[in-house]
Protein chains: 2
Amino acid sequence: GTGADNDLYINQAVVFIEDAIQYRSINHRVDSRSLWLYRWYYSRTCQWILSLTITIILALAFIEKPSSLTVTSDVRYRLPAWNPPCGLTESIELLCFLVFVVDVSVKSYLIGWEEFWKNKWLMAYILTLIVSLTDWVVSLSFFCTENMRIRRILRPFFLLQNSSMMKKTLKSINSTLPEMASVVLLLAVHLSLFTMFAMLLFARTKDGQQDKEWVGYFRNLPDSLTSLLVLLTTANNPDVMIPAYSKNRAYSIFFILFTVLGNLFLMNLLTAIIYNQFRGYLLKSVQSSLFRRRLGIRAAFEVLSSLKDTPANAQQPYVSVGALLQVLQKVEMDSRCKQAILRSLKMCSCDQLSAAQFQKLFEELDKDAIKQHPPSPEYQSHFMQKMQFAFGHPYFGYLGNVVALANIVSICVVLVMDADKQPSERDDFFLGAINCFFILYYMLEMLLKILAMGLKRYLSYPSNRFDGLLTVILLLLEISTFAVYGFPHPGWRPEFMGLLSLWDMVRLVNMLIVFRFLRIIPNMKFMALVVTTLLDLVKNLRAFAGILVVVFYAFAITGIMLFKDAVVPLGNTSSIIFQGKMWFHGSLITFRLRLFTTYLLSVNLICRWAKIYFVAWWLISSVIWVNLFVALLLENFIHKWDRRCHREPVSDVEYQRTVELMFRDVLEEPTEEELMEKLHQHPHLQLCR
Amino acid sequence: GTGADNDLYINQAVVFIEDAIQYRSINHRVDSRSLWLYRWYYSRTCQWILSLTITIILALAFIEKPSSLTVTSDVRYRLPAWNPPCGLTESIELLCFLVFVVDVSVKSYLIGWEEFWKNKWLMAYILTLIVSLTDWVVSLSFFCTENMRIRRILRPFFLLQNSSMMKKTLKSINSTLPEMASVVLLLAVHLSLFTMFAMLLFARTKDGQQDKEWVGYFRNLPDSLTSLLVLLTTANNPDVMIPAYSKNRAYSIFFILFTVLGNLFLMNLLTAIIYNQFRGYLLKSVQSSLFRRRLGIRAAFEVLSSLKDTPANAQQPYVSVGALLQVLQKVEMDSRCKQAILRSLKMCSCDQLSAAQFQKLFEELDKDAIKQHPPSPEYQSHFMQKMQFAFGHPYFGYLGNVVALANIVSICVVLVMDADKQPSERDDFFLGAINCFFILYYMLEMLLKILAMGLKRYLSYPSNRFDGLLTVILLLLEISTFAVYGFPHPGWRPEFMGLLSLWDMVRLVNMLIVFRFLRIIPNMKFMALVVTTLLDLVKNLRAFAGILVVVFYAFAITGIMLFKDAVVPLGNTSSIIFQGKMWFHGSLITFRLRLFTTYLLSVNLICRWAKIYFVAWWLISSVIWVNLFVALLLENFIHKWDRRCHREPVSDVEYQRTVELMFRDVLEEPTEEELMEKLHQHPHLQLCR
């Protein structure tokens with residue numbers, strides 16, 4: 001019936017607008033039931049469950065068998081880790097797999113059969129699930145005693161496939177690979193030619209005294225290759241050249257040539273290539289997001305314009321305001337935006353909207369969220385007004401900074417004086433008294449500022465929130481210290497009482513004071529610029545960080561699987577090996593960019609596999625990832641720096657800028673033809689015209 | 001008289017055109033005698049003498065007293081260095097100073113009194129000379145026994161002031177300093193805050209077993225600062241965190257935060273800032289060169305147009321072709337360009353030239369030097385033609401590459417097999433026989449190529465010249481080997497004879513073969529691109545390298561002066577110190593980017609001055625210079641990469657591209673008004689109009 005049709009159109013429009021808001025693709029099924037399923041799938045609860053499942057399955061590695069989530073990392077001292085019984089982690093895993101099965105089925109159904117065959121990510125998802133489930137069955141049938149668990153290495157895939165940003169970034173990295181491979185090939189040629197040179201240059205001589213270089217670094221082909229590879233990471237520079245250099249200064253030419261060509265030229269060439277490839281990356285990704293948004297809005301317009309209550313108009317399609325209001329009621333979106341759209345709808349006071357007007361209404365979505373700070377309270381008394389002027393003035397803030405600096409300096413002085421004292425000789429009176437005084441000042445400052453600005457206005461500045469929170473914590477700590485240990489007096493060295501010793505309390509307070517000193521950042525122009533650049537970068541880096549987590553996880557799991565037998569906890573000679581083990585576990589949770597270089601030197605003894613593993617690790621984590629990071633930083637920073645001059649700082653108004661907004665004046669609006677062409681290619685939506 | 005006037009105008013025009021060719025400023029005196037002096041000063045001989053003087057005065061450091069130009073650098077083994085008698089180096093120095101005095105007087109005279117006062121470089125030059133001469137007198141009056149020799153530190157200034165490129169670059173670097181200083185300040189804040197945190201975190205505890213971290217790295221303020229500074233260079237990562245990490249894994253968070261913020265963010269921010277500043281540097285410098293060239297040509301036109309034999313023309317100034325021919329005869333320029341200009345003069349067959357025509361004639365100077373390879377010989381016999389086809393074909397070159405690769409592989413195999421053999425067990429027969437065969441093939445290849453291409457055409461390709469030269473050297477070496485040691489046979493281990501042992505001869509041959517393998521570079525597209533980029537970079541980097549030499553020289557001399565007393569050659573404990581000394585001398589001639597990090601660890605014991613010296617050294621040589629290098633590499637590479645796609649490779653024609661030409665399509669031609677305005681500002685030239 002017409003009513004049912006109208007309902008369908010309204011629902012389609014709602015979903016399309018939600019797609020536009022979330023920058024999602026609109027290429028999904030559009031019948032009533034699918035739309036319901038679609039909205040359910042993308043509802044906050046469902047997506048939250050999915051994210052939780054991914055987190056849980058990734059976190060399983062911390063409690064699974066060869067793990068070591070213990071406080072100390074030293075194999076000699078730590079207690080045996082808790083060993084979950086067979087079946088516990090496995091049943092959690094099964095639950096996760098079931099969620100993923102539901103996820104993949106819903107996703108496949110929603111995009112439709114034809115699209116499914118074109119979507120390689122979905123196919124890979126299904127394949128991964130099949131392999132994981134098979135591995136799970138094998139695992140259970142061996143009662144968890146089998147060694148290889150392929151499904152663990154596959155786990156990060158679930159993280160990867162769930163983020164469209166990460167998939168896009170991966171595609172981008174993929175397109176840079178051929179050129180990176182060329183440079184890596186060049187590096188390999190460089191390395192092998194110089195290795196041959198080195199072996200000819202530092203050959204064994206008849207005089208045993210003379211060939212220290214040969215004994216130490218160039219004994220045979222693998223040794224020479226390793227020495228020069230480590231020199232490429234600069235970890236054994238200048239040790240590797242010292243024996244030869246002692247013999248004859250001219251030998252240094254070889255090492256200098258190698259370092260200059262390899263480190264200065266080839267390594268930086270890699271940076272240049274990656275930067276060159278990623279120069280347009282941010283802009284392109286923002287541009288495609290904009291296209292998706294415009295497309296969603298346009299699709300909503302098209303379906304609404306085919307509503308039956310619209311008068312047939314051959315010339316131009318129109319959308320009635322009533323229908324739009326109906327849609328807006330159902331759409332889930334930021335309430336500020338919704339209000340703004342409704343306001344402009346009222347202001348326009350027309351009955352029907354053309355495509356351009358419709359598009360224009362939703363431009364509210366792209367706008368900066370302008371945050372107005374609440375006004376200061378208005379005091380009647382003359383005295384209060386003077387107080388307000390004095391303590392609301394920026395100079396009062398600067399005074400606070402100076403006091404904070406004085407506090408830091410005083411702590412520093414005490415630290416220097418106490419550096420070599422035995423803990424039993426230490427007198428906590430001086431620090432205690434000083435800190436007590438400073439914390440009182442901080443409290444006073446906070447209260448006076450609240451008095452001058454009013455609580456609401458005070459809290460609306462992030463720097464004040466940071467400041468206030470730390471001041472309150474410091475105050476609480478100080479009060480509890482005095483409650484437990486009494487007031488400070490000369491020779492104040494009470495015994496240990498309660499949770500923390502006095503010394504620990506004082507240290508904690510001092511650390512918080514040092515941390516609080518960061519409040520000066522917004523007051524220094526260049527620092528503020530740097531910090532905002534870094535924050536922007538962190539936002540843009542989420543996808544990269546995700547991929548890094550994927551790579552780290554896969555490497556850590558592989559490392560654990562490969563080297564778990566290398567751990568022989570007792571015995572002096574194996575200390576290197578179990579230090580190695582220690583690091584593998586560490587790498588589950590930490591970045592360690594130069595870890596490799598230490599290793600290649602120590603692992604030398606163990607086996608070739610370890611060497612290959614570490615070289616791969618170094619190439620991916622240190623060389624490629626760091627260069628990607630540098631490329632993004634350059635891109636972000638140069639953009640920000642160029643624009644710094646153009647913008648006037650508006651007082652009392654804060655713009656909450658998103659990445660999209662940073663590029664706004666460079667972005668191209670998609671044309672009507674592009675949008676319509678894309679709409680006509682939609683696999684499930686049949687437009688009337 | 002008119003004739004003398006005309007002669008003066010002709011001479012002025014000659015000098016202006018020479019200025020244009022050399023991209024020199026035209027702001028110098030223009031009377032007859034000054035012009036003669038100017039041409040004499042910029043003559044090849046004079047400039048060569050000046051360069052030689054600078055080289056000599058810089059090279060003096062290698063033979064002066066605390067130097068050590070000995071083969072070995074190890075203080076324990078080396079013979080005492082030659083000690084020149086007092087007065088020898090000093091008289092050489094005096095000669096150099098006299099040359100500089102002449103240089104500065106001529107320069108000052110030529111630019112004129114008024115300009116002299118504006119020129120800070122000239123003033124500094126005179127000041128440096130005065131200080132140096134005073135120091136020299138003091139030195140002689142003490143009979144060379146005084147300790148401080150300030151003039152040595154000032155020496156690199158003479159290199160600096162003689163190159164306009166270096167002065168320009170220095171100005172550029174200077175303008176980046178404020179922003180670099182901001183980042184360095186940020187780094188300092190970062191370092192000091194984290195140092196305080198570290199001292200609070202890793203304080204001394206009552207249990208002696210627990211504070212390994214405190215004992216090793218954070219004993220007091222200077223120790224903590226040093227530990228974290230070295231961590232910033234990543235030299236002591238991960239050693240510095242191991243003790244704390246063994247105690248509690250959570251401590252790693254501190255080190256990771258420090259490294260990520262410091263190394264990943266702040267250090268790369270420095271790269272970004274420097275890159276951002278230098279992005280337009282190359283283009284700007286090329287643009288100003290172009291302006292100087294156009295200005296010189298225009299000035300020549302203006303003076304020629306005021307010649308008396310030109311018919312007075314109120315409308316537009318003209319230059320007669322006869323005058324231009326007279327000028328061209330006198331100008332010293334590339335004969336190819338001169339021929340081309342004369343050719344186009346003949347073709348135009350007009351009597352008078354307008355300013356535009358005049359300018360256009362000299363555009364020949366900007367053009368690519370097109371190098372046409374000479375044709376192959378034409379053989380009559382059918383057999384010879386077939387031979388020519390076969391051996392002139394690129395496939396024959398590829399076959400040569402494959403053979404060279406096979407040779408490399410065979411050498412590699414022998415090296416691996418012989419790696420652990422005692423020198424006395426080694427049998428040179430195998431390598432000797434193989435190399436003999438391969439070298440014969442290389443000779444045959446060379447001869448056949450010459451046959452096919454003709455000697456001239458063969459030599460016109462740089463790759464063939466490289467190849468041919470190495471082949472001839474290899475052949476000579478092989479023949480001399482056979483002449484001395486006879487032909488190879490199994491068990492070929494003759495005694496030492498002649499200059500080199502057989503083993504050394506074989507090694508030398510092998511190294512040359514490895515080196516010859518580089519002939520494959522032009523055959524691989526990406527490699528060729530990279531190599532040409534690097535060569536371009538080297539050209540553009542000359543100014544930077546010069547500044548680097550200046551900085552290195554000053555640092556090395558300061559280092560020698562500061563630490564010469566630290567050398568105590570006998571005694572075991574001082575080994576660190578004299579290793580240090582060894583490195584100072586080394587730094588006179590070598591780059592050593594990470595030298596610092598090793599030092600800061602070992603020098604710890606010596607004194608604070610050493611620490612400050614090394615931190616400054618690290619900041620300048622490693623951080624700032626490397627970043628400048630990266631910036632230039634990025635700039636060059638991205639430019640080249642973008643343009644790679646646009647150009648079609650033309651067979652048989654080679655363009656000899658200069659930096660100016662790389663930017664040709666981006667450069668802006670200066671307008672007539674700009675040129676005339678600049679000409680009217682000339683301090684010595686009065687134009688008639």
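Just so it is clear, glycine is given a Cβ too, placed from its N, Cα and C backbone atoms.
Where the annotation comes from TrEMBL, it is an automatic prediction and has not been curated.
Positions annotated as transmembrane segment by TrEMBL: A:41-63 (among others).
According to TrEMBL, the feature domain 'Ion transport' maps to A:55-278 (among others). On the 0 to 100 pLDDT scale, the model's mean across the domain 'Ion transport' (A:55-278) is 82.
Within the same chain, residues 28-29, 34, 37-38, 41, 49-50, 53, 56-57, 60, 116, 122, 125-126, 129, 132-133, 136, 151, 158 sit at least 6 positions outside the transmembrane segment (A:92-110) and bring their C-beta atoms closer than 8 Å to a C-beta of that stretch. TrEMBL lists A:92-110 (among others) with the feature transmembrane segment.
Same-chain residues lying 6 or more positions outside the transmembrane segment (A:122-143) and placing a CB less than 8 Å from one of its CB atoms are 86-87, 90, 93-94, 97, 100-101, 104, 107-108, 111, 116, 149-151, 154, 157-158, 161. TrEMBL lists A:122-143 (among others) with the feature transmembrane segment.
Per TrEMBL, transmembrane segment is recorded for A:180-202 (among others).
According to TrEMBL, the transmembrane segment annotation covers A:253-275 (among others). Counting only same-chain residues 6+ beyond the ends of the transmembrane segment (A:253-275), those with a CB under 8 A from a CB of the stretch are 176, 179-180, 183-184, 186-187, 190-191, 194, 197-198, 201, 228, 231-232, 234, 237-238, 240-241, 244-245, 623-624, 627-628, 630-631, 634-635.
Counting only same-chain residues 6+ beyond the ends of the transmembrane segment (A:395-417), those with a CB under 8 A from a CB of the stretch are 430-431, 434-435, 438, 441-442, 445, 448-449, 510, 513-514, 516-517, 519-520, 523. The transmembrane segment annotation in TrEMBL covers A:395-417 (among others).
As annotated by TrEMBL, domain 'Ion transport' applies to A:396-637 (among others).
Annotation comment: TrEMBL describes A:429-448 (among others) as transmembrane segment. If you look at the transmembrane segment (A:429-448), the same-chain residues 6 or more away from its ends with a CB under 8 A from one of its CBs are 387, 391, 396, 400, 403, 406-407, 410-411, 414, 467-468, 471, 474-475, 478, 481, 488-492, 506, 509-510, 513, 516.
Residues annotated as transmembrane segment in TrEMBL: A:469-488 (among others).
According to TrEMBL, the transmembrane segment annotation covers A:508-531 (among others). Sequence-distant contacts of the transmembrane segment (A:508-531) (same chain, at least 6 residues past either end, Cβ-Cβ under 8 Å): 397-398, 400-401, 404-405, 407-408, 411, 431, 435, 438-439, 442, 463, 466-467, 470-471, 473-474, 477-478, 481, 500, 640-641, 644.
As annotated by TrEMBL, transmembrane segment applies to A:543-563 (among others).
Look at TrEMBL and you will find A:583-601 (among others) tagged as transmembrane segment.
What TrEMBL records for A:613-634 (among others) is transmembrane segment.
Beyond its flanks by at least six residues, the transmembrane segment (A:41-63) meets 18, 22, 24, 69, 82, 84, 89, 92-93, 95-96, 99-100, 103, 106-107, 110, 152, 155-156, 158-159, 162, 553, 556-557, 588 of its own chain at Cβ-Cβ distances under 8 Å.
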